[in-house]
Ligand SMILES: Nc1nc2c(ncn2[C@@H]2O[C@H](COP(=O)(O)OP(=O)(O)OP(=O)(O)O)[C@@H](O)[C@H]2O)c(=O)[nH]1
Ligand SMILES: [Mg+2]
């Protein structure tokens, strides 16, 4: 299947899975041209709407209706003409803006901003109990500040804080957080087992399109390690956000898709410093989505706290200021998840797109935030050894010299050692075998105990 048809198939699956939600008019505003609509169109489409028109405006935001009055009239006409049931606004609306826009449109027209639309997409795709709870939680986190603003504006319910809708929402949020924490996560259980078996855990995290999945493919044991690795079905936008990409329509629908799908975490086995580690891919942070929203869906991020090392993959082809901002947000999210600072390794990926000066600029940009960032190119395989060395430094390590009688049990122990740890040397000295191993302390301890048990 060609890349295009594969992307097309993704969109079709996305759309067919939904009951037709009706028609939508998309509306976008920017202080300066150009006003892009590809992404909001793609999001509306992914939410099951047929996009029947668009209205754009270049001007400063109107505090009342977001768009200027004339533009709101035009929007109302377009909705009437196309019999659309939704206006999808590419931005974040205040409750007041939502209410006033709604009032200016034909009766019954729904108004969604970008975040509300993303929530609708998630809600549509939530089939498991866990996903449904996550969607409800995200929805309430979205509603809460809006409810607060509304009650502040109206001065309503101020005196009777207990028992207000705000109170109810807060309680429900706490309730959902508890329920979610109690639900067993299959992926988590799986990893707990692997951990028990002595695997080291490494998590890859960062903004979408940084190259996390490509890096994981490249490092995974079950894939060939040479040659450029193109992840399927993806294009290579010049910059991080899908909106800037000519293919933004297709790209964004798959972003919405993948945001959700990555909840089913991808874990692969790789070899670091001669020992097996489990590498976990995580959902990418999406630029322009608030991170509480991404966080709501990313149980994989809470795994980061349990990992021995967290590789923060950043796209170094972003302009320096944007790179710094993204690294900062990612580190804040890690911190909120309880990730130990010393466990983080920052990788500045895609340096193949930059000259030496530009790389130095990127390094300076993250200076003070991320100590010793490793500039890498997954595509060209540049500096991956340095990255792995930095990861290896963070893995808890013990070294042992074991001696046991040269018998069948020694052979079995050697093969177990190769499976689970780095074997530095094996020497057969007539009656005995000397093995030097390095690995996770629990693994080395077990090998030591086995060696002792095999010795008379
Ligand atoms: N030039 C260049 N492109 C790269 C490099 N590594 C990855 N890419 C490209 O960047 C794009 C995004 O890579 P992914 O691995 O899918 O990114 P990701 O971080 O997993 O993104 P999400 O899954 O959306 O969070 C793909 O088109 C890759 O081919 C690199 O070293 N150099
Ligand atoms: Mg990915």
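Backbone N, Cα and C atoms are what each Cβ position is placed from, and that goes for glycine too.
Remember, predicted model here, so these are calculated numbers, not experimental data.
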Residues flagged as region 'Disordered' in TrEMBL, choosing from 127-158, 159-190, 191-222, 223-254: 223-254
Cβ under 6 Å from ligand 2: qualifying binding-site residues of 206, 213, 282, 352, 379: 213
Binding-site residues compared (212, 379) - highest count of Cβ atoms within 10 Å: 212
